[in-house]
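One structure is given below, encoded as structure tokens.
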Amino acid sequence: MSSSSPTSSGKPLKLRIDRDNEGYLSLVTDTGEVYRCPICGNDRFVYNYERGEIVCIVCGAVVQEQLLDLGPEWRAFTSEEKGQRARTGAPLTRLISEALTTVIDWRDKDVSGKELDIKRKLEVIRLRKWQTRARVQTSYERNFIQAAQELERLRSSMGVPRPCVEQALEIYRQALEKELVRGRSVEAMAAAALYMACRMMKMPRPLDELVRYTKASRREVARCYRLLLRELNVKVPISDPVLYISRIAEQLKLSGEVVKTAIEILQKAKKAGITAGKDPAGLAAAAVYIASLLHGDNRTQKDFAVAAGVTEVTVRNRYKELAKTLNIKVPVK
């Protein structure tokens, strides 16, 4: 993948995008030089799928934006090859291919909202029944489509990037093939698959936040997640608290200096060995809270707890641990 980025002279600079083993991006110029952030000099970046931007992991500066490739992924050198390789009508995502088409509404009303007469109601009921039969043939398909619809609902409610949802759908498919879904609710299994997918793609969401948007309980989702880990033999990277910082800062509209300070606090905490076994979202919220205080932004712990999807108690406890262990002199409000 390649794109262009403005330079100090105003001319576009062609960059090649590479990804390392940890999932971070590095940018290389057409001359083979490593591109560095013009603000802080860092050479590692992350991709924001929601905005189509490449962002510096240290200062939060956007170094590239509007990365949207509308061309085909294949190359053709003759008109015959182009005709053979061109295709139309293929699904854009797994969600669309899994029968997420329009359905006849369960409300017996017309387009203007008026109740249908009895004759039309009976006709709609009959059509609805035939549509269900035509779309779904087996219990496997019914279960899978129900999960796809639940994942699409979670994506819309939580603002989860679509690639995470597609990965979650693939995880659910594997669970369904191994009959892990039997005896468990579709909502809990779909939520667990989405939680796993977000972590796999280094865009983690707190479990407590996810549970708020599903009918399943936290205990049920956590149990299904452990089952998926054990039975599918999936390697899920340990959540880095740093990955939560940009989302918290974006919700609270914090400055790049606050983000940079929060990352430095977490890096020191890792070296001190106080991050192991702690909720990464809570650690990130506490680090951003401390960084905000150091930069004169006196918001409440509740603001940071809500943005991170954790409780105030968690933020307070992690804040005390970080400040005490790292000997940070936090200004009193």
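Backbone N, Cα and C define each Cβ position, glycine as well.
Cβ-based neighbour count (10 Å, all protein chains) for CYS59 (Zn(2+) binding site) stands at 18. According to DSSP, CYS59 (Zn(2+) binding site) is assigned to coil rather than to any helix or strand. Residues annotated as Zn(2+) binding site in Swiss-Prot, with sequence analysis given as evidence: CYS37, CYS40, CYS56, CYS59.
The repeat '1' annotation in Swiss-Prot covers 149-232. Summarised as a single figure, the pLDDT of the repeat '1' (149-232) averages 91.
If you look up Swiss-Prot, you'll see 243-324 marked as repeat '2'.
Residues or ranges marked as zinc finger in Swiss-Prot (evidence: sequence analysis): 33-64. Counting residues 6+ beyond its ends, the zinc finger (33-64) has Cβ neighbours under 8 Å at 3, 5, 8, 13, 15, 17, 20, 23-27, 159, 161-164, 202-203, 242-243, 246, 249, 256-257, 259-260, 263 in the same chain.
Of the binding-site residues CYS37, CYS40, CYS56, CYS56 has the largest number of other Cβ atoms within 10 Å of its own Cβ. DSSP assignment over the repeat '2' (243-324) gives 63 helix, 0 strand, 19 coil.
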